[in-house]
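Asks: Structure provided below as structure tokens; questions to follow.
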Amino acid sequence: MTPRSLFAAALFAAAAALFAVSATRLLPPAEWLSALLAPPPSDVSAMIAHYTLFPRVAVALAAGAALALSGLILQIALDNPLAEPSTTGVSAGAVLALALFGPAGLGGASQSLVALAGGLTAVGFTLALASRGGMKPATIVIAGLVLSFAASAATTLIALFNHEWMRSLFLWSSGSLRQNDWSATSNLVALLAVSWLAAAGLVRAFTLAALRDAGAAALGGDPKTIRLTGLALAAGLAALTTAEVGAIAFVGLAAPHLARAVGARTVGARLLWTPIYGAGLLWLTDEMVKLIPLDLPTGAATGLLGAPLLMALAARMRRPSLTLAPLSAPPRRRRPQWGALLVAALAALAVALVVERTADGWTLATLDQAFDYRVPRSLAAFGAGMAVAVAGALLQRMTGNAMASPDMIGVSAGAALGFLALLYVAPMAGAGAQLVAGGLGAGVAAVWALKGVGRGAPPEQPLLLGVGVASAFTGVVSFLLASGDPRMALAVTWLSGSTYQADASRALVIIVVAAGGLAAALALARPLQLLPLGSVARSSGLRVGQAQALTLALSSVLTAAATLVIGPLSFVGLIAPHAARSAGCRSPASLLAGSALIGGALLAAADWIGRVALFPYEVPAGVIAMLLGGAAALVALSR
Amino acid sequence: MNWTRRSVLTATSLLVGGARAYASGPRVVVLDWALTELALLLGVTPAAVAEAPYYRTRVATPQLPTAVVDVGLRAQPNLALIASLRPDLIVRLRHYGPPQARLEAIAPTLELAIYEADRRPYDRSLQALARLGDACGAAAEAPAVLARLDVTLARASARLAAHGERPVLIANFADDRRADVFGKGSLFQTAVERIGLTNAYAGPTNMWGFATLGLDRLARFEGARLVALSPGPPVSLARSALWRAMPAFHDVVTLPPVWVYGGLASMARFATLLADAIESAR
């Protein structure tokens, strides 16, 4: 037996053994076959087994395989090892559609249809945007990410006002494999069979795609056509699977890496083995979930259990196995538009500080109580926006990956995990304890991310590690949200980035950290110029490992500080550097300064809008930033 | 001296009785709906309530006068607006909403607890009622509130006594595959006991008095009457083969909306609605 079939056999044997344990509790093994094929209607246990136990296994296998296949095709087509089914915007679109049109308890086929429509709409948008940008992988990835952020911001906005009525949405989006009939099984099996065959027919095309655009073109393939076909197939798979089982993260990301790690090298072998590992992974995870007495959603568990696996894979990763999409946003202007950027930043701050809405209507702010609420919040927003934008610019410069954003190094997820754990364990803890818990979480994640870098690990490794931490974090969050605990309403606002808790001292801290961080980042400008160049950087005498460690450490500190003050703000960190580039900031120094201004202005404006738009209801700054910034980015992409 | 008579729209309104409205009493801002219920039962009309418009549709009774100001989200009420109302007292639920210290900076803040790890929401509601009464100068109303609560529960109990009713399983369907089932730690548990019924679910619950069970577990409560909270079991579930195969699910009754994180008024409302539903199911 080859290592890959041995490993697959081990996965399935473990899952089957666990299944036997839980199934025996319900029904003696001698009755399994009759319960599967023709359960006697009078036998409650047999009926339960027939309609819930067996279809759940079938759905786990089919959904796992479908997500893995989708992830693999995306990773090949986009030439980006961080791509996964949700990269196309599928899950966020489906969740938003359900939030808008699927009132609580919709259930069944109509729920799947609404989700499918939402997922496909999102994918359609992504592809339409990407085709205008010439189907370049980086454009597709950015379009999908931006769309996902904007859609989830809209969902958060709805959830803010209906928290207790959105159990079904939270449960669905946490990815559950519970079944009450065989309909999902038959849909998924048919889908998988068709797509697998289609993928088999595309082996040659994908082999060419794996050679990158130039190589594919040289061998007579049209990279755009190959990419569009692959994307359509992968997105369709993801949309249909998500419609049936909700958002199940990680399987689609990890299964392709797993297959490759155990020896599937050629595209054909990867297309064969990746779905098999996906099926085994999801089934095993689901059987483990069933042993836990909590109603842990399977999607949350894949995030949790998947994190260590992803980290192990990252540790084994050698440089050639990861090829990253280059930054490709072409600057439309030659010189940075410093005047416009400064005016925008100052205008945003001025409006946020001076214009106010009260019970009596709009007023110009007075000094009365200014330092209790308005001033600290505006300054905290500006500072946090600056900090994450600089962190994002640093990471994108260092890795040359357009998807790199502060949450990808896991620091904001680490900080948020610490905060949430405290909220759950000791809800009475004060702001000081919250800062300590969040700081601890951020510190652990940062140390983890930095671990391998000094010793010459590739700069992408912390990104994959970070995705692991972030995936665990998403798992915990979706579990908590799905738990029905009303305290999680607070988590919903904080997790989307809110200045509600910001007081004068926190505002001061974040402004100082952001300004100091920007200064330190500017000092790293020369290494940052060279870092994306790889071997050229080394030959020019740069101590690459040291420079990477410094860059990463600085982004960690900035991200952690912003997360602790306002919450995770991944979107600003992702989008501000892109906006700065299209405003003409190309050199590392101008990119850093431009990103800082844009990030600060965006978040200060978003915070103000969030406070006044639905007065007295306060919408978190992060939500508004995602909606506004997302809309602006989508418009920019469609040009 | 200002006496109000509230129209008796539902059985719960009885609880409010002819309590005195403290129009000239302290200006109170209440940040939680269970505590809003308690204030209204005591005849204290808050100056402001968080998510007041939503209270009117989702908790419904006791009715909240339209003049009551809305101070925004329950989890994150608008602090600047609260401060501008210059309240004499802010009332908040423990574990929920902004930190005590930020509210104390605006006005004296009374922190009350109902849903806690000890799962004794009824005892804690009584304590909360007493403390709220003291703080609002309405302590004298508390015994009358409790007497009216007893009357409401006794009436529901009397209506059910003749039926020899089966145990009930109180379920709030989260989707078509699982439901929150209420037990120890929920005020519904107390209501069920006080009207002479048994709760079929005696298993572990969370701090808020419910556990989330899948259909496979729900189907195990054979012989119990399934009581679903509004909106009831999803249509897709009621049509499914599994549902049709489960005799235990067949005579499910569905109650009108009841606030599941509520206080004494929601508890009384639940008891009355439950008695109505069981009576008319016969």
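In case you wondered, yes, glycine gets a Cβ from its N, Cα and C as well.
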Asks: Ranges A:5-21, A:90-106: which does TrEMBL label transmembrane segment?
Replies: A:90-106
Asks: Mind pulling out the one from A:231-255, A:375-395, A:588-610 with the most Cβ pairs under 8 angstroms to the transmembrane segment (A:617-637)?
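Replies: It is A:588-610 that shares the most Cβ pairs under 8 Å with the transmembrane segment (A:617-637).
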Asks: Check the transmembrane segment (A:375-395) against the transmembrane segment (A:231-255) for contact, please; criterion is three or more CB pairs under 8 Å, pairs 6 or more apart in sequence.
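Replies: They do not touch: fewer than three Cβ pairs between the two stretches lie under 8 Å.
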Asks: Using a threshold of three or more Cβ pairs below 8 Å, and leaving out pairs closer than 6 in sequence, do the transmembrane segment (A:407-426) and the transmembrane segment (A:588-610) count as in contact?
Replies: no
Asks: Would you kindly check A:58-78, A:504-528, A:549-576 and say which stretch has the most C-beta pairs under 8 angstroms to the transmembrane segment (A:407-426)?
Replies: A:549-576
Asks: Any residues 6+ beyond the ends of the transmembrane segment (A:58-78) with a Cβ under 8 Å from its own?
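Replies: Result: 84-85, 87-88, 137, 140-141, 177, 179, 182, 184-185, 188-189, 191-192, 195-196, 199, 206, 209-210, 226-227, 230-231, 233-235, 237-238, 240-241, 244-245, 248, 251-253, 255-256, 259, 267, 270-271, 274-283, 285-286, 298, 325.
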Asks: Answer yes if the transmembrane segment (A:504-528) and the transmembrane segment (A:231-255) have at least three CB pairs under 8 Å among residue pairs 6 or more apart in sequence, and no otherwise.
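Replies: These two segments do not touch.
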